[in-house]
């Protein structure tokens, strides 16, 4: 879809001064204004390929309170939409979720929530003290791009796995190959992917060159009209709606399992063992990923996609910290922002805070009306369709890395990407990328120094 980035628009984060109530109301309205109603609705679907599988897995495997999670994440979506004015995503903390699913009975809801609270507290301190902004300024762009590329490719590879293999989310495992024909078959996923490609294409370049020839100008105008018409078709929303319909067709009896009303909200009871296990097994592996992908990469990607709306690492770190320091006490899934979710929502047309505000309102409504019984419907949602949505989100994130101009920058980026993917650790990839970047800088400095000495010697009479 064609980018629509208003250069003059403002966000609440970009102006640290205290505005008047009238100005504050104006900024809130401008942050929530729709660039295009159907495009914003379509963009709201761009993050569901990540959100639904992880939430479903934790609900099935660890009895996560889905109703409470939907209510809190809905509030997070609406608040971040108001604050930032862009489709800032709210995603599950993936490393904590992976540990919870794979660690068996020793890592349950209290440990999950303790890990989220500890991670949120550390991010809040890093943001409030200004250390996160310092880290953001010191990390070179090539290393950030390496993290983004590895995350984008990881999303894409996971998406292909969802499309090709039958998934058991409760055990986080792939099973046998998916059948070609069926209500969750390969053909369905391929048709949905082709539909999105035809409607959305590969994404529009910001600057399109125009020729002076009259015939070419007329042809360009026709092409632009066609693209504008197609851009108004909410492809991702249509695909997701198809998935909901197919879920009821696959299991009509699921209607009987639906119970109306929100689930009861209770404060999680923690033990010293839960805090210890949550910090060691959950917070320690999650923290590097949150810093790099949820804060640093998100800030850089937002400045790339929305040049008029740049956010400080301080504010993004604080919002992630506050989300978890509030919701995790009541059993809401640990959450963060994510570059992949932002790229996915942008890919499908999200351009304003109204995009995630729509999604947040929908989550709240589902959490209040259906509560935990919604898991019965999601359990029959075609996983291949979720894979298609996740695939385009991953590719969009990976494509933001195409601005590396020099061979040295590409070298650092690819080293960082390769280590992150093979080692399954963004922290390890980050360290390797930083080491390579420093070594290249020292090498270039040494070469310039030797060149200067040679010139000085040769110029001596």
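Placed from the backbone N, Cα and C atoms, the Cβ positions cover glycine too.
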Of the residue ranges 89-106, 143-160, 161-178, 251-268, the one that TrEMBL records as transmembrane segment: 143-160
Residues flagged as transmembrane segment in TrEMBL, choosing from 208-228, 229-249: 229-249
Contact check, the transmembrane segment (411-440) vs the transmembrane segment (112-136), 3+ Cβ pairs under 8 Å, seq sep 6+: no
Cβ contacts the transmembrane segment (112-136)/the transmembrane segment (380-399), at least three under 8 Å, sequence gap 6 or more: no
Highest-contact recorded stretch vs the transmembrane segment (66-86), from 180-199, 311-332, 353-374, 380-399, CB pairs under 8 Å: 353-374
Stretch in 180-199, 311-332, 353-374 most in contact with the transmembrane segment (229-249), if contact is a CB pair under 8 A: 180-199
